[in-house]
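Peer 1: My questions all concern the structure below.
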Amino acid sequence: MGKIEWAMWANEQALAAGLIYATGGIVGVAGQFRGWQFAAFGIAAGVFVCLLEYPRSKRGKGTSVERTGQYCFTVCVNAFGPLTRNYYVRAFLHAALCVPGGFMLATVLGCVCLGIASLIYLSAAIHGEHWEPILPRTEPPKRVGDSIKEPPQNPPPRPPPELRRKKADKLETAAYDNPMSVTVNE
Amino acid sequence: MSVALKSWRANEGPKHLITMVWIAANVFLFWKTFMVYFSEAQYYYLHKMLGLGLCISRASASVLNFNCSLVLLPMCRSLLTFLRGSQRLLNRRTVFHTCLTYAVIVLVHVSAHLVNMVSFSVRYSEDFPGLNVAQYRGQVTHTDTHMDIFFPGVTGVLLVLVLFLMFTASSYCIRVSSYEIFWYTHNLFIVFYVILMVHVAGGALKYQSNVETHPPGCVQNNLSSWTNHRAAGEKGTESSGAPQTVCQEEARFQPHFPQTWLWVSAPLCLYCAERFYRFIRSSAAPVTIVSVISHPCSVVELRMLKSGFKPHPGQYILLNCPSVSSFENHPFTLTTVSPFVLVWKCVFLPTCNISNLTVCCAFSSHPRVHVDGPFGSPSEEVFNYEVSLCVAGGIGVTPFACVLQALFDDWRQYKLKRLYFVWVCRDLQSFYWFADLLCGLHERLWRDNRPDYLNVQLYLSNTQGLQSISEERYRFLSSRLRIGRPKWKLIFQEIGRANQLKRVGVFCCGPKGISKALHTLCNSNPHTETAFEYNKESFS
C-alpha cells in the first residue's frame with residue numbers, strides 16, 4: 001500500500017471544522033450569549049480557514065481531483081509561498097485559531113474539530129508532506145523546427161546509375177543527362 | 001436528442017420516487033413533532049420557557065432518529081442479497097447510504113439546543129421549579145461559571161465529533177487514495193450508536209404528566225398576581241367571560257421515555273445479527289487456496305475452494321487475510337463459481353495490501369484467508385433480460401467473466417437470448433486473460449447452432465503502434481479487435497435496430513467516464529421502441 005496521505009484527510013477535516021466554527025459563531029452572536037465576542041472571532045476564523053483549505057493540494061502520486069472553482073483560491077494561496085506550503089505552519093495556525101473558540105459554548109465544537117485537524121496536519125508535516133498547487137498544465141506550443149527556413153543543400157537521393165540510365169532512343173526527351181554512355185541495342 | 005420516456009422511467013423512476021418518499025417522510029416527521037411541541041398541552045409550560053428553540057430542536061431530533069435508524073439498513077448486505085430478486089433500486093445502496101448521512105441535520109439540532117440552553121437560563125421559572133435545567137436565573141449570561149454541561153450536552157458534543165471524523169474521512173478522494181483511513185474511521189459507528197443511546201437518557205426536557213388535573217394556564221390560589229394576570233390575559237382572548245379554571249394540584253413534570261431507543265434498536269439488532277451471521281459463516285468452513293496464477297499486466301488469479309459455498313454468477317465476496325491485516329475486508333468479484341476464482345490487478349490501491357498475499361503465495365506458503373459472502377451485485381441480473389449489453393473496462397471484466405463461464409456451462413437454462421459484450425482495454429496483453437474463455441464460448445455456441453447469441457467487440461484504447469492478436473487459435477478475437485475507443489451511440493443504434501420492442505439490460509463495470517456516457521445514452525436513445533435499462537456496478 002502506498003503511503004497514507006494525511007494531508008488530504010486533514011484538508012477535509014479543516015474545511016468541515018471551519019464550517020462548524022463559523023456556524024457556532026453565528027449562533028453565538030445571534031443569541032447574544034455571554035462572550036459573544038469569541039463567537040464573532042469564531043465566524044471570522046471559520047471563514048478564513050474555509051478559504052485557506054478550499055483549494056486541494058496536488059497528490060504525491062496519482063490523479064488529483066480539484067474542487068469546483070478552486071483555481072482562483074489556488075492562485076491566492078500559492079501567492080503566500082512557504083507560509084502556506086508548509087504544513088507545520090498550517091498546523092500551528094489552526095491550533096492558534098482554535099484556542100479562542102474554547103472559551104464559549106457555541107464555538108467549542110468548532111474548536112475541538114479544528115484542533116483535531118491541526119493534529120493531523122502536524123502528522124502530515126512530520127511525514128514530510130507539503131502543499132502543491134494544482135495548476136493547469138500549459139502545453140508547449142508545437143513549434144516548427146528552424147530548419148524549415150534553410151533550403152536543402154543536397155539534391156534528393158537518387159537510385160544507383162545502372163537504374164537511372166535511359167534507352168538510347170529516348171535520349172532527346174530525357175530530363176537529365178545519362179550518367180553512363182548507352183548504345184542503341186541496350 | 002429526445003428523451004426516451006420508457007427507458008427514463010425504468011432507469012431513473014425508482015430512484016426519484018424513493019428520494020421523494022424519503023424527503024416527504026422527513027418533512028412530515030419534522031412538521032408533526034414541531035406541532036406537538038408548539039401546541040400540545042403537556043408541553044405548554046416548557047414551550048413558554050424555551051420558545052421556538054424547543055420545537056426546532058425536538059423536530060430535528062425526530063428526523064435524526066428516523067435517519068439514524070435507516071442508515072444501517074442498506075449496509076445489511078446479506079439481507080439485501082436475500083431480498084435482491086428484481087429490485088434494481090437496491091443497487092444504489094451506497095448512494096442511498098451517503099445521502100442519508102448528509103441528511104443527519106446535526107447542525108440544526110445542535111444550534112437549536114444551544115439556544116435552549118440560553119432560554120433555560122434566561123427564563124428560569126420560579127413557579128415551576130421541576131421544569132428547570134439551569135440552577136438559577138441568568139446562569140449562562142451573567143455569571144462567570146458555565147452551566148453544568150449536563151449529560152446530554154457532553155454526549156452530544158462527543159456524537160458530533162465522531163460524526164465529524166466519519167464524515168470527513170468518507171469523501172471520494174480519501175476512499176480512493178487511503179482506503180484504510182475511511183475503513184477505520186467508519187467503524188467508529190459502533191461508538192456513535194452507543195453514545196447515542198446514552199445521549200437520549202439525559203431527561204433534560206420534561207413534559208407535564210397531569211394535564212387533566214392541572215390544565216395549562218389555570219389559576220392557582222397561591223400564585224403571584226402577575227402570573228395569574230398573565231394567564232388570565234391569554235385565556236381571555238379565547239374564552240372571554242368564561243370562568244377561570246382552578247388548578248386542583250401542582251403541575252408535575254416528568255422526562256419522557258427516550259424515543260430513540262425505539263427507533264434505533266430494531267435496525268441495530270438486525271445489523272448486529274447480520275454481522276454475527278456473516279462472521280460465523282466466514283469462519284465456519286476453511287478456505288483452501290488451490291493455486292495462484294500470474295497473468296500479464298500484473299494480474300493475479302487465485303483459485304480457492306470452500307465447502308458449502310454456493311455462489312451465483314455475478315456475485316462478489318469480501319476477502320480477509322489475517323496475516324496481511326486482521327480488520328480489512330476487500331471486495332472481489334468471482335470469475336468462476338466452482339472452484340471459485342478471483343482475479344485482480346495488483347496496482348489497484350485498495351488491493352495493494354493483498355499483493356503481499358501474492359508474495360506469500362509465490363513462496364508456496366499459502367496464508368489463511370477468510371471469505372465473507374457471497375453478496376449480490378447488479379451483474380446477477382444479466383440473465384433476467386432477453387438481451388443484455390455488458391461493457392467492461394480493463395479489469396472490470398471480472399463479473400462478466402463469471403457470466404460467460406456460466407453460459408459456457410449451460411446457456412440453455414437462462415432467459416438470456418442474446419449477449420453483447422464490449423471490452424475496452426488499454427493494453428493488448430489484457431485480452432489474453434479471458435481469451436480462452438471467449439473463444440471457447442463462441443465455439444460452443446456455434447456447435448449448438450446459436451451463432452447470434454454472443455456478439456463480442458474488443459477495443460484497444462491505446463492507439464500507438466501496430467497491434468493485433470496473432471495467435472491462430474484466437475482468430476475469433478483478432479477479427480473483432482478494433483483500435484480506438486468505442487463509439488457508444490453507434491453501438492446503441494445497432495443494438496436498438498436489431499432488438500426492437502425489447503428491454504435491453506445494460507451492465508457496466510469500469511471507469512466512471514464510460515458508465516456516465518452509457519447512463520446518459522440509456523436515458524436518451526432515439527430508438528424509443530427499445531428500452532435500455534441501466535445497471536451500475538459499484539464497490540466502494
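Backbone N, Cα and C atoms are what each Cβ position is placed from, and that goes for glycine too.
All annotation found in TrEMBL is predicted automatically rather than curated by experts.
Per TrEMBL, the feature transmembrane segment maps to B:20-38, B:50-73, B:94-115, B:149-169, B:181-205. What TrEMBL records for B:67-196 is domain 'Ferric oxidoreductase'. The feature domain 'FAD-binding 8' is assigned by TrEMBL to B:287-378. What TrEMBL lists as domain 'Ferric reductase NAD binding' is B:385-523.
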Peer 1: Based on Cβ pairs under 8 Å, which of the stretches B:20-38, B:149-169, B:181-205 lies most in contact with the transmembrane segment (B:50-73)?
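Peer 2: Most Cβ pairs under 8 Å with the transmembrane segment (B:50-73) come from B:20-38.
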Peer 1: Which residues, given as numbers and ranges, are at least 6 beyond the ends of the transmembrane segment (B:20-38) yet have a Cβ under 8 Å from it?
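Peer 2: Same-chain contacts beyond the flanks: 46-47, 54-56, 58-63, 66-67, 103.
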Peer 1: How many helix, strand and coil residues does the domain 'Ferric reductase NAD binding' (B:385-523) contain under DSSP?
Peer 2: 65 helix, 32 strand, 42 coil
Peer 1: Along the domain 'FAD-binding 8' (B:287-378), what average pLDDT does this model show?
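Peer 2: Mean pLDDT across the domain 'FAD-binding 8' (B:287-378) comes out at 67.
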